[in-house]
Amino acid sequence: MQITREAPLQYSLEPSNHPYLSGPWTPVHEEVSVDELEVIEGEVPADIDGIYLRNTENPIHQPLGRHHPFDGDAMIHQVDIRGGKVSYRNRFIRTHCFEAEQIAGQSLWGGLMDPKGTSKRPGFGAHGGLKDTGSTDIIVHAGVAYATFYQCGEAWMVDPVSLENLGKAPWGPLDGVSAHPKVDEETGEMMFFNYSVHAPYMHYGVVDRSGKLVHYVPIPLPGPRLPHDMAITKNWSILNDMPLFWDQEALKKDIHAARMHDGVPTRFALIPRHGQPEDIRWFEASPTYVLHWTNAYEAKNENGEDEVVLEGYFQDKPMPDPLEEFGRYAHMMAYVDEHSFQPRMHRWRFNLSTGETSEERLSDRIVEFGMINPAYSMKKSRYVWHTTSKPGWFLFNGFVKHDTETGEEQVLELPEGVYASESPIVPRKGARSPSSSGCEAQPKAEPAGREDDAYLVTFLIDENSGTSEFAILDARDVSKGPICRLALPHKISSGVHSTWVERAMLG
């Protein structure tokens, strides 16, 4: 394996036993390129053609205070598959904060768990006082990759092929862009939202296929909220107002302490894609918190009434008990542990005729970070590929393929000490596309053998050997494990979100 290394960066981070600065979360500081990865098992399928991108948190300087796993600097890892050959590269996102700390040679901003006054310079984000890392999400729109921050910062642009930094998006609004914009590949539009502590507390926008902001409106809320994700259908964008948000009295003292508010329902705002605030349809549902949605689509119910269907992860315990065995990290560990906040697959139906919401649980299994075949986005989908997590930790230790029609599940448990990444579904080249989405009565998902005619791609971190791999699984039966494994040039850090983009979508 021939490795090309970029010029070393200035860093001051010291070795640590912090649970999210060690082990699978040990930061990576080198930037490298490899033209062709070594296959260590199986063969690279010839019917894959595109790029896998993963965003990871990699702090480069010693923290000013207590470190949270979401405080790290954004590093994008890329795998490019073309003609049976696989290349790899990784690069930091050169945010303004990253560049400032490179010049200073030290951290200049505190983290999510640090008290007011920790940062040495004015900060960013809805929380305020934070470093704009761009380290949460990564998506591709109109041939440009965008790295975004869950607390609302700039949308940082990257060339998805070369990983060249392209600066901040020129269309970014003053209140920033939250993680999880959504792209409609048919229209070329990208929908996004942001949130803040200032009225009206949320905004929603649309960027067209040329990268121009063409729609931006307020979404009035009763007060500051903590949304994380959004969903889209052909005609609607779905935003949320959930009862887990900052305590309002504490916030007056600039203390950001989130809590569940008794008696406050979950609310969903359905706004036409280019709608105005007065066009919003509000729906109420059971109190919870949801980090991520898997899909949304339009349909007709058994009475012929129009409805919008939304699927995602209902948390049974959004305010988890601290994990006392972790001592000073007890609260932090609980809030990033899925087995503590207990997300389970859930479906919401919003009746556009009656204004009523109906709900159903789809599985009792604790799962999150699910992916669908992207060809079925905004259409009724049958399968979701979830990740499972190691109890007590934010680490993915397996996969579940879930059939939402029959309830059947396939499970792959990874060996102890081996952890995966968020894992997009990659349709096979030439696979049949889903039928027209329309609003037909109770649209049926495609027959078995079509929707799952795809692959699942992921990084694997092996703590036993101190190595990392890129793995490809057959999405039709993930329980069989990888059909192809390729060695990476270094052990990478765990992280959060990833995406897949077909080469035809790169422009």
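Using the three backbone atoms N, Cα and C, a Cβ is placed for every residue, glycine included.
Secondary structure from DSSP puts HIS180 (Fe cation binding site) in coil. The feature Fe cation binding site is assigned by TrEMBL to HIS180, HIS228, HIS292, HIS497.
The region 'Disordered' annotation in TrEMBL covers 423-449.
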Listed in sequence order, residues not in HIS180, HIS228, HIS292, HIS497 with Cβ within 8 Å of the centre of the Fe cation site Cβ atoms:
THR136, ASP137, TYR150, ALA179, ASP229, LEU291
To see if you understand the setup: which same-chain residues, six or more apart in sequence, place their Cβ under 8 Å from that of HIS180 (Fe cation binding site)?
ASP137, THR148, HIS228, ASP229, MET230, HIS292
Packing count at HIS292 (Fe cation binding site) (other Cβ atoms within 10 Å of its Cβ):
18
Across all chains shown, how many C-beta atoms besides its own are within 10 angstroms of the C-beta of HIS228 (Fe cation binding site)?
18
